[in-house]
Amino acid sequence: MKFFIALALLGAALASTHLDRYNSIERNIQESSFRAGREYRYLFNGQLSAGLPVPSTPQGISRLQSQVTLQWTDGNTVRMQLQKTRFATSQQESNSMKMLPFERFEEVERMNREHQELLSMPVEFDYEHGLVREIRFAENDQPWSENIKRAVINMLQVNILKKEKYEGAEKSDNQEPTFSFTNVERTLEGECEVLYTVEEIKKEDEQRWAKSINFDKCTRRPYIHHVQTPVCKDCQQTLEQDKMSSTVLNYNITGTSSSFLINSVELRSQHLFAPISEKHQLVSAFTLNTMELIYAGEKKTEIKQVRNEKTSELVYNQESEWAEQQWAQTGEEKYLRQLPQWTENKVEMIKKMFSLMAKQIEQGEAELEAAHTVARIVKVLRECNEEQLEQIYRHVAEHKDEKIAEQLRSIYFNTLALAGTRVTIQQFVDKVQSRKNIAPLKASVAIKTLVDMRYPSLAIAEDIARLCESDVSSSFPALRQSCWLTYGAIVNGVCGQTPRVFVQKNGVKMCPRDAKQRIVDKLVQQFESASTRYEKVLALKTLANAGLDLSVYPLEKIILNEQHETTIRTQAIESFRRLRTQMPTKIQRVLMPVYLNRQQPQHIRMSALHQIIYTQPEWSVLSQIGNQLRQERNQQVRAFTLSLLRSYANNESPCEQTFSSRVQSLLNNIPFSSQEIDRFESVYGKWSTYSRRHQSGFEANFASLFTTESVLPTEMMASIEGVLSGEWNQYFAQIGFTQKNMEKIIKKLLSNVQEKGLEQIVVRGKRASGSFQPTEFLSNLLEKLRITRRQSSEQDPHAFVYIRHRDMDYAFLPIDADSIPEVVRSMIQGGRLEIGDIERVLAQGIHFSASNAAFLYETVRRVPTPMGLPVQFTSKMPTISSIRGQVTFELEPKNGKSFDGLRLRVQAGPRVASTHVLSLRVICPIAEVGTKFLHQAVLNTPVDTEIRMNWEDKVVIRAIYNTPSEEKRIAMIQSRPVTFTRTVAPDARQYPEPIEMTYMLPAHKQLSQSLDREYPQIRVQGTLNRPTSVRIPQWIVDSNVEVYYKPNVEQYEAIFELNLYNNYKMEKNYEKVYKKHNGRRYLEAEPEYDEEEHREQITKKFEWLQNEKVYQHVAKFEIKPEVVKMEVEAVCNNDFHFCKTQIRGEELKATIQYVYPQTPRTVEELKEQKYRQLVVMGEMNYGENTIHININGQQSQEQKKFVKQIEQAPEHETLLEASRLDQYQTVVEYEFEPKPAQYFARYWNMVQAYLRTQYPWTSRIETREEPSRKNMIRATINVEPRQRLTVNMTIETPMETTVLERVELPFRLPTAQIHYQPRNSRYEQKPVMEKIAHHASKQANCVVKSTKINTFDQVAYRNQFTPCYSVLAKDCGSEKSEPRFVVLMKKINEKKEWKNVKVVYGENEIEMYKTEEGLICRVNGEEIEYQPESEIEKKQYNIIWLNKNTLKFDSDDVTVQFDGVNARIHLSALYRNQQCGLCGHYDNEKETEFYDAENQENTIPKFAKSYLYKDSKCNYEREMFEKEENFQRIEKNQEEEKDQEMNYEESRREQDDEPTEQVAIVERQHEICFTQKPVLRCQNGKSQESKKQKVTSVYCLPSSNSWARRQMREIRREPLAQWPEHKLRNLRDQPQMEERTVRVAVDQKCDKFDY
């Protein structure tokens, strides 16, 4: 036994001796300085780790050890050789901040002999005073080996003479002398500024030198950066800071500056990369190198002399990177041979990977490895030559199964484009041109991948141009468009300003100026020779994608050439977008004159401003924009400018913070209101959020540009951007729409529908079209007035829909007469849609099959490390997807005269596999190590759905989903951090799989949750892990979740049924519920009526409802089998003044009902009606939880006072405002189970906390002394009646009372109105979508009074009517010889303000006028007498009696409301820029309002006279039009004279409102005074006459007195008729109160409130 123990100890000792053979080397130092003819040996240890800079997190580590022999020859020449070099790797969880023993690593045992020989080759360098000058390597040495030797030499460089900039401080005798200085040196990592700090140790005769590299001050750095994000100046200061690099060397030196010896060196270096956010740590490459002197003495063995005249420098050699770049850009095989050949069997590797992919396709499942396989194929293809690609292509194209072969070919061509080398692109182009195995449409999609290629070049661009100009592109417009747009993007990658960093060598320019000029000339020539608008736009978008600085000059000519269409000029302005950071000043100089020129089209001006703001101009340009904004008359341009500036001022994007502050300063000096923006459609909006701490953010932009030429938006745009993979992706995605004159097509379609009806448009066979003949009066009117037709732009209707990605035009779709497919045109015959043609098209269905492989994005950074090996950080997202299926349509019933049903079936099998890879690896031909974080997702979601729709009697929609027949995995999500090592054998025939080790946190550092849950038809299983430490991010933790679908039924069916307007008989017991309604429980005082009166009014209301039409509306929703079932039933009368709605579900039952009081027709009826109560009652039961709610709506005293102020306004408008209910009292009784009660209490506490923080001065919460009845909430809401923008609210709960006073709302609050609303039967019978379009299109409003007209564009001017008809509004843009409508008005009595209004609409003539008997209406000569609730229904219009004094003509085009004196005209927005008459030009512009009958801008008198219809039946005073006071514009700030047009009857005249007595406030310097007795003051503050002074007694208090300031606010809100006793006592008790006599202004007469 002892023998075995002794043997074991001996073995351990021998092993220990073997393991530490380098660490136990004896040191023999015989020299004190470097001298010629001597030999020095150092032990070099290098350790390079890749992973997170957090202890005990995954690290992939490379370890290098070697003996370095240095021999000084003569002078300053040094020979160096590496001996006994060893290389090792490790995946262990180690702290890489210290040098680990070599024996803890796994050594590469059989290192390639070639590698050994390369590393042992000698090297010579000039070494003068510690600085390395010229280096000479062996001729056969390779770049990677040279760089390792440079790393060793780099550690010997120290500026021992201290020649350069010196900064030192003398120390005291007790301190060691130290000094520091800076110098610019060439180091392995670049030519940068370095800082030296020297500490001299006198006792030991040593010097400690510290050297650090300042990477912020480098003139040259050998790194590569391939990124797809645009340049962002501010982002470089925010997001780039976290990609830090630091290198520090510590030297131990003995001797003097002329004779020294380096005893030891330690280097620590770290390169940080932020894959997601700074908060969640960074990915780090940490280098630790040490060199320790172990021998200094006589030469043992002579190092061979290097016979190479070529010299190199110390900076990292990028020959390998240069060869890789040149191979990709040029395709010359000499560069391919210079690359490290890691395998000789590339073709066989790719064949096997495609075979594996074919099996996965055959199995019909998307696997996690599919995305990995795509990435590996791309990697190998990037190093394949033309011959190898042909072999691979033959293998892919010759698969036995044609369906699988089709998908493989599609993936292969995608990978060719993803590889992005010139050789792969040439094969792609050749195959597309030969039309072999790739359809042009698929080629047009695949070629888009080249937009973000890694190594673009002019040679590759010319290859793409060859495809663009080929016959196959000419035959397929989609391919031609994709080709040219991609060509521009590739040119931009080579010649434009991008964040890419390429390898530069020997001053070779990738894009010389003459090459750029040729490209610009080529594209400009293409633009000039284009015969169609589409071709011109394509050329401009290609120029935009190219982003060449030389394109500015031809683009400027196009923009300023007014002979070009507006669309072309706008596209030329958009073509500046890629130059906004490269040439901002030039863009501003070109576009600022365009924006400032008011003669330019509005669309061009707004587009120019948009691009100017994108350049983030300096203050000088912004001040010009602000000055233009102050005087801008074009309302659309002004609104767009304001909204654009406001959006940038409030922006949080890190790319625009500096600019945002400048814009905010500009807006602070420009007064504007949000209403100026909201009133107009042209608007620009931004919504952004950004967290600097988390380095995450998102921004959404939206813009709509409207002009006076069109009712449709001229341009609309929406875009998104944000942080992705640690970079702010500006202009990430954008979609837009631009159009010109498309309203022509829409208007024709709407006109056909209005004239013929939809049932005559969609027919089975052709029908004869009807005719239209104008009336004799209309013909005479047009002939005498000679009204010139308003013509829109002569350009034919056209539009473009475009998509942009990363600020590049990705695709655009032209829409015009030529682009409409022939199949659609054949369906339209004689202006009608033939159902038979529709059925034939739909019967064909849509069959689709597609497979795609793509990198959603790819970012690569390669940085050299001080160990001589580069590290590469890659962030990419390889994705593979496929889909096969079909869509079929059927109309029901088949072959019928019409159709009332539709059947749609969708069958598809989409499959997606995607992997987000964050990888940091050490690039070395011996062995690769690294760390990567994999986030993978797989989706397999088969779809088999059928939708059936029927609308014959009621709307029924059935959706049937057929489930899979067996259990299927539909989703899988996995997160996996791994460290890996890879050793490549050149003769390997399969892709070298790395040895991976998944990192798992220890149990005490993570919370694990196992998932094994089953839901109906769904099973979820997997493991979720969450770190316990905030330093460890979630995205590096291993997790896995799988979702399985388990069918237990064959299909699901969802049914939605809608049945409206069913006749219903009112039940008598409905009124019983309302009679129980008790007002005594409400919070406020008792109402003005008692309970008996309440019951009486309810009885009357329901008696009236018994004679009304009552309808039942039912909506049902159900999912079978028994998942959800819901039914909603509403019983309402025709005008919805009574409605009872019931909701029935499985556990939910709810009822809500309301009833309006009697609805008055006139103000007089409203005044006589005492009962004005709206009663709402509701009840809800859900399980054991119940809620009862009662709401009482009525009018407050403030509302009634407001009604008195507007009683002289036009009657119908008065009724609208007077009938509003502004006070709502609510009682809620509830019974909750414990858990819902807890939720309710929690949410109510959150609401109270919000009120305390948001409204601290206007809210208070009072605890009740005696808690009231439990489970009851009472509330009162009072809405301010004038603007309805503020509310007072009191909420009483059982324990407390919450009071809110004058809370401002962001919008005008709608309130209930109890006035009579006439029914429009013709309108009610329209389809829902037609109702919405009808309502939305009625935008313009013109008010015509006796002496004042407020036009459609809100321009007020004075006007005088005569006994002759004047044209108020007319369709002046109709393409037919006769207009669709004309509205005329004349004065019929000289002494009275009575008017006559005539409406000519089609073949009909409607005349309305005032007489002694009242309002008269004639339709085509037949008199219509007034009858309450009467309505004249015609096919195209209605005539409605609102009340005995007001009549309304209603049609789809125009609506006229007339009360005998005043008229209000509503006009459809489709007539914008096509209306003429006294109601103005109607183009949303106030400066172009007065266009006369000949379509010329004129003075107001001549404008009014041009629309006067003179005949033998009328005479007028010609002098009237010569008096300027009769026709003049009324400005907002101009005081208006008394208007006689507000009279309705002969005896009614404007009466001055008498001032009332109230307490007045006198503000004086440093004090506030209140009158002791009331004085006369106007209610609305508007005095009509000059005020008089009166001497009165006042109470005065200091202005600092809070009580006085509060009283002042209250009195101004609610005037006091006299002082209440309690307030008077408080006033007299105030400190420093004084009584004195002063003069106070007293009002004599007041202006009425002009509604």
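Here the Cβ of each residue, glycine as well, is placed from N, Cα and C on the backbone.
Predicted, not measured: the structure shown is a model, and the values here were computed from it.
Swiss-Prot lists 1-15 with the feature signal peptide.
According to Swiss-Prot, the domain 'Vitellogenin' annotation covers 34-716, on the basis of sequence analysis.
Annotation comment: Swiss-Prot describes Asn252 (among others) as N-linked glycosylation site. Long-range Cβ neighbours of Asn252 (N-linked glycosylation site) (same chain, at least 6 residues apart, Cβ-Cβ under 8 Å): Glu206, Gln207, Arg208, Trp209, Ile262, Asn263, Ser264, Val265.
DSSP gives Asn1288 (N-linked glycosylation site) a strand state. The N-linked glycosylation site annotation in Swiss-Prot covers Asn1288 (among others).
Marked as domain 'VWFD' by Swiss-Prot on the basis of sequence analysis: 1340-1515.
The disulfide bond annotation in Swiss-Prot covers Cys1342-Cys1479 (among others). The Cβ neighbour count for Cys1479 (disulfide bond), using a 10 Å radius over every protein chain in view, is 28. In the three-state DSSP classification, Cys1479 (disulfide bond) falls within coil.
The disulfide bond annotation in Swiss-Prot covers Cys1364-Cys1514 (among others) and is backed by sequence analysis. Packing around Cys1364 (disulfide bond) is summarised by its Cβ count: 16 other Cβ atoms lie within 10 angstroms of its Cβ, all protein chains included.
Sequence annotations record features per position, and here Swiss-Prot assigns region 'Disordered' to 1527-1556.
Shown are the disulfide-bonded residues Cys1342, Cys1514; of these, the residue with the fewest other Cβ atoms within 10 Å is Cys1514.
Checked against Cys1364 (disulfide bond) by C-alpha proximity, the recorded positions Asn1288, Cys1342, Cys1479 yield Cys1479 as the nearest. Counting in whole angstrom, Cys1342 (disulfide bond) lies 35 from Asn1288 (N-linked glycosylation site) by their C-alpha atoms. Per-residue pLDDT, averaged over the domain 'Vitellogenin' (34-716), rounds to 86. Its Cβ taken as reference, Asn1288 (N-linked glycosylation site) is surrounded by 18 other Cβ atoms within 10 Å in the chains shown. Across the fold, the C-alpha of Asn1288 (N-linked glycosylation site) and the C-alpha of Cys1479 (disulfide bond) stand 40 Å from each other. The secondary structure of Cys1342 (disulfide bond), as reduced to three states from DSSP, is extended strand. Reduced to three states, the DSSP call for Asn252 (N-linked glycosylation site) is strand. Reported as a whole number, the C-alpha separation between Cys1514 (disulfide bond) and Cys1479 (disulfide bond) equals 22 Å.
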